[in-house]
Amino acid sequence: MLALFLRDLRLSFRAGGGALIGILFFLAVISVMPFGVGPDLNLLSRIGPAMLWIGALLAALLGLDRLFQADREDGSLDLLLIGADRHMLAFTVFVKCFAHWVASVLPLVIASPLLGLFMNMDMTAVAATTLTLLVGTPAITFIGAVGAALAVALPRGGLLVSVIVLPLTIPVLIFGVSASYGASDAVAPFFAPFLILCALTLFFAVLGPLAASAALKTSAD
């Protein structure tokens with residue numbers, strides 16, 4: 001499984017792998033936001049956590065359609081579907097999701113503190129938003145694996161993956177943004193939405209690979 005993890009990392013960082021595209025998209029979305037909002041720094045700081053979460057969500061969706069494409073093109077996906085049982089296939093999907101998250105989404109989390117300061121957010125809000133992105137974005141990848149598995153047989157399934165995945169990520173977005181605001185707001189709570197966000201990530205870490213492996217099995221039949 002370590003070899004599979006390292007292989008997927010290399011594929012993600014290779015030209016056309018999608019990791020760099022997501023990072024550049026995230027930077028572009030956050031960079032142009034102050035020009036759209038205008039000179040109101042207070043408004044910019046209020047919408048900062050939500051904008052970081054929306055930018056990270058959209059950037060994370062960009063490369064999900066290629067999650068299983070390389071395996072399908074070289075034939076390793078067919079061998080895996082034939083030889084692996086359901087639980088082993090689900091664990092393989094989990095490893096591939098983790099590799100995709102490390103290559104494509106973790107850089108977004110690392111860049112978010114700098115972009116948070118660019119959005120005039122205070123240090124508490126920056127730290128809380130970064131923490132919620134670190135905890136919540138894996139759930140987006142696990143959800144996206146289901147859409148990628150359903151669209152693996154399509155030559156250009158990126159739009160279909162986004163249509164399938166985006167509605168399912170709304171709870172993650174809601175509790176991630178709520179926890180981010182709760183850290184710097186004396187009225188709104190932080191720990192309640194943050195714990196729910198952790199639970200969502202753990203839930204999709206189990207359900208996502210299982211559903212994706214079932215979808216891959218179905219597409220192979």
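Placed from the backbone N, Cα and C atoms, the Cβ positions cover glycine too.
Annotated features in TrEMBL:
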type     : residues : note
TRANSMEM : 12-35    : transmembrane segment
TRANSMEM : 47-68    : transmembrane segment
TRANSMEM : 89-111   : transmembrane segment
TRANSMEM : 131-152  : transmembrane segment
TRANSMEM : 159-184  : transmembrane segment
TRANSMEM : 190-216  : transmembrane segment
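For the transmembrane segment (190-216), the partner stretch with the most Cβ pairs below 8 Å, chosen from 47-68, 89-111, 131-152, 159-184, is 131-152. Sequence-distant contacts of the transmembrane segment (47-68), counting only residues of its own chain at least 6 positions beyond either end whose CB sits under 8 Å from a CB of the stretch, comprise 12, 17-19, 21-23, 25-26, 29-30, 33, 37, 77, 96-97, 100, 104-105, 108-109, 112, 115-116, 119-121, 125, 128-129, 132-133, 137, 140-141, 144-145, 147-149, 151-152, 156-158, 160-162, 165-166, 169, 172-173, 176-177, 180-181, 216. Non-local neighbours of the transmembrane segment (89-111) in the same chain are 1, 4-6, 8-9, 12-13, 17-19, 22-23, 26-27, 55-56, 59-60, 62-64, 67-68, 80-81, 130, 133-134, 137-138, 140-142, 144-145, 149, 205, 208-210, 212-213, 216-217; each lies 6+ residues outside the stretch with a CB under 8 Å from one of its CB atoms.
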